[in-house]
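**Student:** For reference, the structure I am asking about is given below.
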């Protein structure tokens, strides 16, 4: 039972006092016990005459006294800094930034982490685009891939701000110095080695009753012929097929690409050049103040799908996203006035193709295409166009700047070829050590 301090009755008012929570807290804290490890409990009496006349100051002063004693006790217990690991400190800084962005987007972040495979990145990217850019429409991309890419670029910015140095490319993209348009020469695709691709005609046979066969007859100038077994098939001939120079003499069996190949292939080299030219001109229209030479020589490419993102291990097959030129829809509706007044419309009209990045090893179409692929190879539904890849970059940096009030580089690296990017026929699984001391038990 608490004792009433002496001379406390002299300060009581004759009016009835309303017992608020603040007053009750003062009465309970008349006697403060401070217990520290290794010390005995000490009781300190505080006279009302020694206190400030403001009850708020009295409560604040008592709280500060308790906090100071607890900090002194903790300093005696652990003389070393609790966050001596820079990785842990960086992860906590990154998590604080994630929490700030989630609160700005009215998004629940409890239980999330800053791991690259956490779903919080995709949620932040998708929520921001849906709230701030509801009018935005994708071009050949899937919403899952686009939202994930916005989250990847956002993760790259947050990792950079927190001082983290991941062993992978957090943005899942590279800046590629392509070299497709040399001066005074006819433009022609170059593979990821930086060498001119080789024209190698290819013929594909499809089942007439399959979806791929029907699409080939309707859209790709396929013809029905009899194969060497006497069966009717839809034949697609690609006379302008371009392959990596390593695949020039490769027969396609038992693997679709030769050892050391980058696995880049275009069924129509002219369409690939048109798509690359379009993406360059469109990027220059989006960034009118950018360095013209750098915008001409370099492009932003998606290199990691869901199969090999946030991993330093090789996968079976192709090691970066497959690039395919797609024909743009609606370019016939672009008028001459629009072409003369808008550089982006001029790019669409002049080169009506864009590059689309799909899974590193997409599932083969039924009917014989890619029959050298194994059914056990890892695959995903990644699909992202070059235009939407650029918009993902823009939205990610825009979101970070709007919430944090400052900009931060994404550190998108420049692509440089090395043998780790070559097509892999077999991948050795890493060893997971076993604790047992007897391998024959």
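Glycine residues also receive a Cβ, built from the backbone N, Cα and C atoms like all the rest.
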**Student:** Where Swiss-Prot shows 305, 307, 359 binding Zn(2+) 2, which of 298, 380 is named for the same site?
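**Tutor:** Among the candidates, Swiss-Prot records only 380 at this Zn(2+) 2 site.
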**Student:** Can you identify, from 204-236, 237-269, the stretch that Swiss-Prot calls region 'Flexible loop'?
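**Tutor:** Swiss-Prot lists region 'Flexible loop' for residues 204-236.
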**Student:** Out of 244, 307, 359, 380, give me whichever of these binding-site residues has the highest number of other Cβ atoms within 10 Å.
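**Tutor:** Answer returned by the neighbour count: 244.
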**Student:** Do any residues, 6 or more residues outside the region 'C-terminal arm, DBP binding' (426-441), come within under 8 Å Cβ-to-Cβ of it, and if so which ones?
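**Tutor:** Same-chain contacts beyond the ends: 313-316.
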**Student:** Give me the CA-CA distance between residue 193 (Zn(2+) 1 binding site) and residue 380 (Zn(2+) 2 binding site), in Å, as a whole number.
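**Tutor:** Taking the Cα atoms only, residue 193 (Zn(2+) 1 binding site) lies 25 Å from residue 380 (Zn(2+) 2 binding site).
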**Student:** Take the mean position of the Cβ atoms of 191, 193, 244, 262, the recorded Zn(2+) 1 site. Which other residues of that chain put their Cβ within 8 Å of it?
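**Tutor:** Once 191, 193, 244, 262 are set aside, the remaining close residues are 190, 192, 195, 197, 245, 246, 261, 263, 264, 417.
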